[in-house]
Structures are given as structure tokens and as C-alpha cells.
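Over in Swiss-Prot, the protein carries these features:
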BINDING   571, 799, 812  Mg(2+) binding site
DOMAIN    324-417  domain 'Ig-like C2-type 4'
DOMAIN    420-514  domain 'Ig-like C2-type 5'
DOMAIN    592-939  domain 'Protein kinase'
MOD_RES   550  phosphotyrosine
MOD_RES   556  phosphotyrosine
MOD_RES   571  phosphotyrosine
MOD_RES   706  phosphotyrosine
MOD_RES   720  phosphoserine
MOD_RES   723  phosphotyrosine
MOD_RES   732  phosphotyrosine
MOD_RES   743  phosphoserine
MOD_RES   825  phosphotyrosine
MOD_RES   893  phosphoserine
MOD_RES   902  phosphotyrosine
MOD_RES   962  phosphoserine
């Protein structure tokens, strides 16, 4: 049997040799040149059923060798002429190559068709950004259709993903993008009408390096004492680990420093971070110098330097004070400011008054700031100084190595005050006065009982004596005059004066015989009485004129109105004076330290202040304080109290300026609210016009921490509910380019105990996503007000404030706005009204409703997307303007508004109030325009809002006919005349 088999094989070999000259699948050689071996069967591809015998023969006069390359690139060798595989398996699918001694080869590709195994799957799926990646899923059966790539969960592949199938190798993904990272795919094909799928492949993308590393150090200068430990951490950020870094000392040539500790980690898929920690355990003076942190990748290099200065011992250097001699008028405030450099940091700081007592009295306060690593500022504010409080004020500061001091000489200028003037002693008239600077006493005489004398007394008749001399307090001066110089009945005036002011006293006397006696002036029909009557009459006329003008001028009132009920076409407002006030809001006014004025109007002002112990007993926080001017009348005081009650009634919301406290007893009413560090939105938009970026393209997420923020189910804020300290925030990254910058801002609202931010909000550019976010936030805030039955009546960009994280807050700025000089407010009757922001029913019928607020919101959107332009540009408010509003004139789309947002504006400007959307519906419309990450961030921030309340939401989808008369006290605009 074996002999028969051998003969058969020999016959096959001969047949192959005879046919080899014509077989197109085998390589051929020119006469005289070595020829490649021949393979039987003589074809480029062979299909073998699984379980059958695979038999291949290599024919060549010389030695031959078979090699088989598996689907996962392993090589199997066979040095026989024949390759026989009994019961072939699908894993034997691949390329079989025969080579001879001349190095010439011939190949055949074999498919081992297995009904149970269509795909050969092996090796993980890796790809480099901007290159091709091969999904190794070759087929065991080439006779299938629709060989392609699908997403694991049945979703659509990325729209820009393209691939090329090859049954022998797999499927090649062309031009891999970073966005494909962790994309799960399967190979798929159709056999006999049935879809078959391979195992899962997860694509891991290696980022292409397209930028230099980001290198940073927390401080660019360091000051140490000899023997202290110097530690500086350099942070290097790149897309992958293929970045080199080191510390160098510039001496002046760079010298590599080997004693460096390395730490590294991945903060997300394409965010690799490394820290190089340089430590000098015991610094010497000659260690001073410039240290450079250097990093490079295939794209380029980056570096940052920090300077070290080592001193022998600590020091305190007080900066020269321009003027240590201070003059202040009685009752005024004065700030004593000392700037100094100290290292180590000061351990003791104190103000001393007159070398014996502390200068920090109850009504004064001391403020100390660390301006930089070693620079400090200390300020003593002396409030409402009295004449007796002049003197030396000394600032003492010390640390472990040094001490220093500086002394201020404070002089309080006081108006003269006459102490004694009404006695005639031994024929002498005496006048004693005190004041600073030293008063000058002059004497005047007039006949009769007058209250003003003009005839001076000759100086030779006057004796002047300094009673007391004090270096800082009031100076007392006495002057005497001999009464014998007066020959007639009359009045003597003693007048004391200095640079601050003057005061007078009068001495009336009459002759009786040869003696002079002090007498009382006649009290009936005296010139003085007549003068008083005339003055009183003139004063009465003036008062009447002023009263008339006062009644005609606009009065301060709370813009926000709370609706009590809706009766048919009429809104009935709650009288805010009847709202309750909870004294839990009371805050001690002596714990407020006032700073600069943020805004001022005809009735009052808003002042930046520091509140001590508002949230925690040992914490200071920046707040805004509303207050009236000293000239405020009862109506203004009641209006401010009403505003306080309305704010306390509304409760807390992230997108309104929230009430923090109040001072209503022991002085004028103060309303303490949140401080918004970036001012009003209108001016913010105008500042950002030149840096506006019109883009909505997304980038990949850059930090796992912030992915957790986006996908967490719990709020990512702390639970302390502290009011935000208005200092630079912290920076982090989230999936989109704009969200990345927004998160750097918003994080200061959420995470207050992490790395300081690289950028402040006000340094970042403005883009379309910011405008959409502002639109969304203001709509949310107005929806909250509507849920509390509150109508705003003056919604505009000027009444929206901006704080850290670019969080918008709706406010009523009427108290601190000078509407008399604001062209946005037009005088009608006794009111100044923002006509260009008002709905037609508000202009012509004085109707203020939820729907009129929606109209104003549409105008606000126009302001927003025009980056702070004035609405109806170039159009004055006159009869022509009123006519155009009545006839349905509406503004065209602003330059930067997407079509969808202009559609929202037009729905807000519907002439029929009932057809305008509610704020709840506006929120839903804008939610479709903003990114999911922005919505999620906003949701997290809303959950973090301190002391949240859960108001009962009133559904305003049940609309009423709003065109009715208003209970507002504001007068309606007069119907205009046609142009």
C-alpha cells in the first residue's frame, strides 16, 4: 500500500513539472536564471473545508522549506517538500510560502472554511492618531458578502470614520482620530443571508504630539534663610509619556541636577502629568540662582524658571511712607497704611496709640494683607475721629529675626468753640476758646442789641493769653478786653476763628449811672425778631417749592413685584411692606468693614464690604451692601425695607443675587447680598467684544476628575455652604473647548481647596457657548422668580451681574443706578422708564405681567448676542418709535445669534402676550442649544447652591388675559403722537 502511495506521488510530481511551464500562478524565470519553486495546487488561493486534509507540495530541484504565517503573525516552518495537515482547522487559514536555496519563493493563501468560525480574531487593536489601524479579523471563507465594521452596541460609527476591508488581513481603519479612543467595534459579514459578527475589539489610540509640553511651577521666586529646605515642584503636562524633563541650574551655563524626585500619573486618556520635585535640604547662600525646569517632546521644548535667594538671616524692611504727618478734620475718617517686606513672615503686628494703648478701638479696624511672598500691607482705619483723638499712632512688626516700626503724627483739625464769654469780672470782658489749629480771637462792638457786629475793637485794648498748649489736642486761648473803652450801651462780639471755621459769642450791656451791667435784650419787635420772621417766611416759600419739585421727581421703589392673585384681567400685587421680616437675617453692623462704592444713584449706593463671621465665626467674606444716602426720605427708607422683605420672601437661587443678611436696628437699614466680582453683564460683554470667538467645536475630555464631575450622580461641591471667597478660582478641563474654559471658571464656585487657577475668568475669551450659557442661566433665574409669583419689570443686561465661574445673577440695581443720567430711562410723568426694554402693553397701558417680563427677556437676548449693543440702535424714543412698536416693528437678528436663538427672540416679542412662551418653556427651548456637559455642570452647581429652598412651583402654563390694568404705582406712558 505504501509503495502504491509513493508511485502516485511521483506521478503527481511529474505532472506538475510538465504543467509548470504554463501555470500562471507560479513564478517563472528567464533561461539561465534560477527559477522559483512551484506549488501544487498551482493557484493563488485555495479553499479547504474544516476537517479535510490540507495537502500542499513544493517542487524544486534543490532543497526547499515551507513557512506558514498565522493570522497573528507567528511563523511555522516545515523543511519537507510536502505540507500535509490532516483534519485542517480554521486557525490554519493563512499564507503558505515555499522557498528554495536561492532564496526564491512562491506562495499560496489557504482558506480553511469552518461554519462555526468565520473570523480569526487576534491581537489587541492599537492605532496612532492620524495613521491607519488594522482590525485583525481575517475571514476563513472568502465567499461571504458585506464584509464590514460595526459598533459593538449597534450604534452608528463616527460619521468621519472610513475603513477598507481585506478578507486575508482584516479591516483597516483609515486616518485614526483621537475621538476614536476606546471605540468598541466588531467585524461583520453576511453568509447565506445571515449576519455573523466577530469578537469585540476596543481601539486604543496613541495621541500624535502636536504641541510642546506645558511646564509650570507654583512660584517664580523663593526667599529662604540659610539652612532652610528649598523645595519646588515642576509640573509637566503632555498627551503621552513620550516627554523628557529635567531640572537645570543656570550657573550661568545650564547644569543638570540629578537629585530630583519623579512622580507621574494619567489624568485621563490623553492627559499625562509628571512632577519633578527639586529639593535642597539645607540651602546655602551660594545656592542662590535661577533654576530651570525643562521639558521636550518630538514637537519642541518648553521651560519655566524660578529664582532662589538665600539670605544669612531674616529681615523686615518698611517701605518709606510719603507723609507720616497727617491732618484730618473732626468727624472724618483716615487710613494709616504701612507697606513692608518681611522674611520669615511676621509673627507680631500691633498698632500703639500715644505709646501706651492699643489703637484698635471698637469703632476702628485693622486690615492686613499678604500681597506677595514677602510683601505685606497693614492698614489702620480711624473712623469719625474726635478732636481728642489726635496723637502718635505707631505700627510695630516683628518676626523671629528682626523688628521694625513707623510712627504717624495725626492732627485733628477742629472748629473753634467758645467756652466762656458772658461774665464781666473786675471791669474786664473775657472770652475763652479752644480748637486746632490755635484759634484767633477778635473783638467787635456795635450799639444796640445786635447779633452781628462789624466795628473792630482796637488791638491795643485786647489782652491775649494761651491757657493750654497740647502737641496734638485742642489748644485753649483766652482773650480779655477792658470794658472802659466802651462809652455807649451796646453789644460786644467775641469771634474765634481758625482754618476749619469760626464761632461767635455776644455780650450785651448797658450803663446805669457810672456802672455797666449785663442786660437781656428786648424780646419783642427787636431787629433780630423781625429778621427771624422774614427768614421764616422765605424758608416757608423755599420749602413749598422744594416739596413741589420733590413730588414731581421720580421716587425710588422696588422694581420686583409679587403677585397675590390674578382676577380676570387684573394682577393684584402684594404690598411688600406687609410681608413679614424674619430677624434671623440680622447681622451686627460693627462686623462690617466697608470698602469701595460699586454703584451710586439718586437714592443710595451699593458698597463692597467685608463681613466678619457671617458664615463662620473666624471667617471673613466679601459681600455687597445696599444702603440709602443720608438725605433719603421716609419713602426711600420704606422702599429699601420692602426690597429686603421681598428678597427674604423669594428665598435662594443660584441665578439671583441672594440675600445674606441685614442690619435694621441701631442705625440706617443695610441690605447684605452676594458680591459679584465681575460687575454687570452689559459692561462685561462690551469689554469682551474684541476677544469674542464664534465657535462651537468640541474637543476630547482632558481630565478624569472632570469626567467624574460630568457623570457623577451626586453634587461635586463641598457641604460647607460657605459663601464664595472672591479670589482667583481654580482651573480644570472638561470635554469641549468652551466647556474646558468654563469649567476653569465654574470650579472656583465648586472646588475651593485645590490648585490655584492659571487664568482668571476675566482673562478668558468669550465665545458662543458662553452667550448660550448666559441665556440659559437668566431664563432659569426668571423661571424661579415666576415660580414665586414675582415680576421683575426691569430685566436687562445692566441688571444682570456676573461672578466667578461666569455665573449670572439677576438683581434689581435701581437703588444704585443714576437713572437721571442714564439715557436708557425715559422721563414720563413722575417716572423714568426703560422704554426700549418694555412690552407694548407696559408702555401704553402700564400693564406689568409675567408676559411683559418675557418680552424684556427677548430684548435682553438681543443685547447679549450683539455683545452689549443698545437695542433699536440709532432710534430715539419719540412718537415715531411708539408708532413703529404699535405697528409691529421688531429688530433684526443680532450679529452673533444662531437662527434658533433669534426664533426664541421673535416668540418673546409676539404682540399677543398670550402667545409668548413662559420662562419654563424658554428654558426648554434653550436647553436644546447648549451642550450636555454645560447642562450637567449647571445641574451640579444648582445642587451646590448654599441653603437651597424648595419653593412651591406655580405652573404659569395656565395663561390668563394679561392685558389688564396693573396695580403698579408706576404711571403709564402717555399715548404717543403719530410721527
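Placed from the backbone N, Cα and C atoms, the Cβ positions cover glycine too.
Taking only the Cα positions, the spacing between residue 812 (Mg(2+) binding site) and residue 893 (phosphoserine) is 27 angstrom. Sequence-distant neighbours of residue 902 (phosphotyrosine) (same chain, 6+ residues apart, CB-CB distance under 8 A): 893, 894.
Every protein chain shown contributes to the tally, and the Cβ of residue 893 (phosphoserine) ends up with 16 other Cβ atoms within 10 Å. Using a 10 Å Cβ-Cβ cutoff, residue 799 (Mg(2+) binding site) registers 25 neighbours.
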